[in-house]
């Protein structure tokens, strides 16, 4: 049995169980997970490199996209390396402080990404509904303030969870039936009343994200109304194309998130290993698919990526 802090009955380490009931398949499950993680690193890395090096992409829309790529990398990197170590090397132990750190950055990146998606919706709203004011509204200082708001709001929402967990006694219970640490997964191990954790963990972050979703929906209702008022069908089509990639990213982020949260809270008939698989896929799918969506549907990014990968080949052919 691992050593315990006698004053607070806090375990020195937690044991991550992986995917209960599928332990024999851990190696096979790790293959697609590792492939998706490497593809997400490559896609988001290329996206950040292209936006950083191409001055024509130093516009609010693409700078918000670079913020999204950073949060995607944080979301997956916070969980996947430890998950793969568990699958490959049976590295199940994680210290109490490391578990809390992983939990914090997992929920922090989720909250920050939600704010960035809201900012991107506002960007499209201003670009389509008030194009003449676009440069005046979305100034460099406004972009910096948006990034700071995303960081500050996420920190203020998630940081109290650390204290809500540190106050709990665990009485020797230290096996987490998951591949990574998350708030309620840790809280359920406590041998005390966790009603405050349940209330805070569901109400506060969920309410913040719901507010983001409502504001995004309002933005797109106003955008659609503005699109219908455009005189030219070509103009409507062009304006719709500028929003389609963002709508796809919103759906990729929120639908799996709400589905995972709701099935975890209320889907008691769903097998536990299905919950864990869904939670693992959630931290991989948005980081994997977001660069693909923007790379395919955004002409400027597609052209720069093709140019970046084709130039070395054309140079060799000339030689």
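Cβ coordinates come from backbone N, Cα and C, glycine included.
These come from TrEMBL:
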type     : residues : note
TRANSMEM : 27-50    : transmembrane segment
DOMAIN   : 43-294   : domain 'G-protein coupled receptors family 1 profile'
TRANSMEM : 62-80    : transmembrane segment
TRANSMEM : 142-165  : transmembrane segment
TRANSMEM : 209-228  : transmembrane segment
TRANSMEM : 240-262  : transmembrane segment
TRANSMEM : 274-294  : transmembrane segment
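Per-residue pLDDT, averaged along the domain 'G-protein coupled receptors family 1 profile' (43-294), amounts to 90 for this model. Here the transmembrane segment (209-228) has Cβ contacts under 8 Å with residues 110-111, 114-115, 117-118, 121-122, 124-125, 128-129, 236, 239-240, 243, 247, 250, 254, 257 of the same chain, all six or more residues outside its ends.
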